[in-house]
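First up is the structure itself, then whatever we jot down about it.
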Amino acid sequence: MQNADPAPGTTEHTEREKWTSDAARDLYELPFNDLLFRAHSVHRENFDPNLVQLSKLLNIKTGGCPEDCGYCSQSAFHNSNVKATKLMDTATVIAEAKKAKQEGATRYCMGAAWSSPKPRDEAAIVSMIEGVKALGLETCMTLGMLSDQQARTFAEAGLDYYNHNIDTSERFYPQVVTTRTFDDRLETLAHVRQAGIKVCSGGILGLGEEVGDRIDMLLTLANLPEPPESVPINMLIPMPGSKMAAAAPVDVIDFVRIIALARLMMPQSHVRLTAGRASMSDEMQALCFFAGANSIFIGDTLLTAANPGEDRDSSLLRRLRLTPATLEMRE
Ligand code: SF4
């Protein structure tokens, strides 16, 4: 090799090298065609470019959350119409997971609007993990902050993934959430990783952040001791009653650039096109798939927000000749 220090974003760059802010920014600023070409090339080297992993998300405990995430309709700080519920019973969760499997999901994600799970809820969470796992699905939970012990308990129950988004850059984080810190988030991610659970962590575009915040968010994720296996990139759905109800929409090209950058900076991670898909055109989603997104949530709702639903997704995947990944294809 002529160049002993391959440029980030080339196929020789590995995810183990630390990314610098300048290298990430240089990629982001490339002419759009060059950025997409590079991202798609790296995508092809690491994944079948025509496979999309499908997950389904169930809200197992809705609303009344003591955190003040500015984008969220489930925060008790916001005047939204979301009614707080108790934790769903395990039998209902398992029945819903069975339906999700029939619809083609390979991963079942369960989310609770908590700051962190209470000790009294842990047994129910364990039984949900065990029950969903017994169906042959991958399991994912998103329950807020986890202690080291809780992460180990859920790992022993068979939890495959834990979702805990860092949302944005460390600099912008206090504009989004004030009831916990960016470091709190990283601490939970460390507990999850140490317990041997795979990490799902990403963020949201459209909170009022600058491009530099979006790039810094990816830098934080890519420079973790191990990058997340799954990186959800959300486009804000402005929720009525939330602090960000009137946020300006994200520019589509800027959004696709961040998908491409995520692919380049975390070549072996699943980049997940998450919230906001209902308001994305099919053409925008197609560009995102080309840029390196290879995972979506299926179903009509995503927590409390709308999601495209089976008919539109089936049609989109068919038109793009994309194939849903099956359980047998899991690595
Ligand atoms: S995003 Fe999660 S932690 Fe934040 S307010 Fe909503 S439910 Fe609570």
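Heads up, the Cβ atoms here are built off N, Cα and C, so glycines get one too.
The following features are taken from TrEMBL:
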type: DOMAIN; residues: 50-277; note: domain 'Radical SAM core'
type: BINDING; residues: Cys65, Cys69, Cys72; note: [4Fe-4S] cluster binding site
type: BINDING; residues: Cys109, Cys140, Cys200, Arg272; note: [2Fe-2S] cluster binding site
Checklist outcome for this item: Result for ligand 1 contact check over binding-site residues Cys65, Cys69, Cys72, Cys200 with Cβ cutoff under 6 A is Cys65, Cys69, Cys72
Checklist entry - Rounded to the nearest angstrom, how far is the Cα of Cys72 ([4Fe-4S] cluster binding site) from the Cα of Cys109 ([2Fe-2S] cluster binding site)? => result 18
Checklist entry - Which value does the mean pLDDT take for the domain 'Radical SAM core' (50-277) in this predicted structure? => result 93
Checklist outcome for this item: Residues lining the [2Fe-2S] cluster site besides Cys109, Cys140, Cys200, Arg272 (CB within 8 A of their CB center) are Ser55, Leu57, Arg107, Thr142, Tyr161, Asn163, Ser230, Pro232
Checklist entry - Applying the rule Cβ within 8 Å of the centroid of the Cβ atoms of Cys65, Cys69, Cys72, what extra residues of the same chain belong around the [4Fe-4S] cluster site? => result Glu67, Asp68, Tyr71, Ser73, Gln74, Ser75, Phe77, His78, Ala113, Val177
Next on the checklist: Radius 10 Å, atoms counted are CB only; among the binding-site residues Cys65, Cys69, Cys109, Cys140, which position scores highest?
Outcome noted: Cys109
Checklist entry - Which one of the binding-site residues (Cys72, Cys200) has its C-beta surrounded by the most other C-beta atoms within 10 angstroms? => result Cys200
Checklist entry - Which one is it: of the binding-site residues Cys140, Cys200, Arg272, whose Cα lies the shortest distance from the Cα of Cys69 ([4Fe-4S] cluster binding site)? => result Cys200
Next on the checklist: Within its own chain, what residues at least 6 apart in sequence put their Cβ under 8 Å from the Cβ of Arg272 ([2Fe-2S] cluster binding site), listed in sequence order?
Outcome noted: Gln53, Ser55, Cys200, Gly202, Ser230, Val231, Pro232, Ile233, Ala293, Ser295, Ile296, Phe297
Item to check | Distance, Cys140 ([2Fe-2S] cluster binding site) to Cys65 ([4Fe-4S] cluster binding site) (CA atoms, angstrom) | outcome: 20
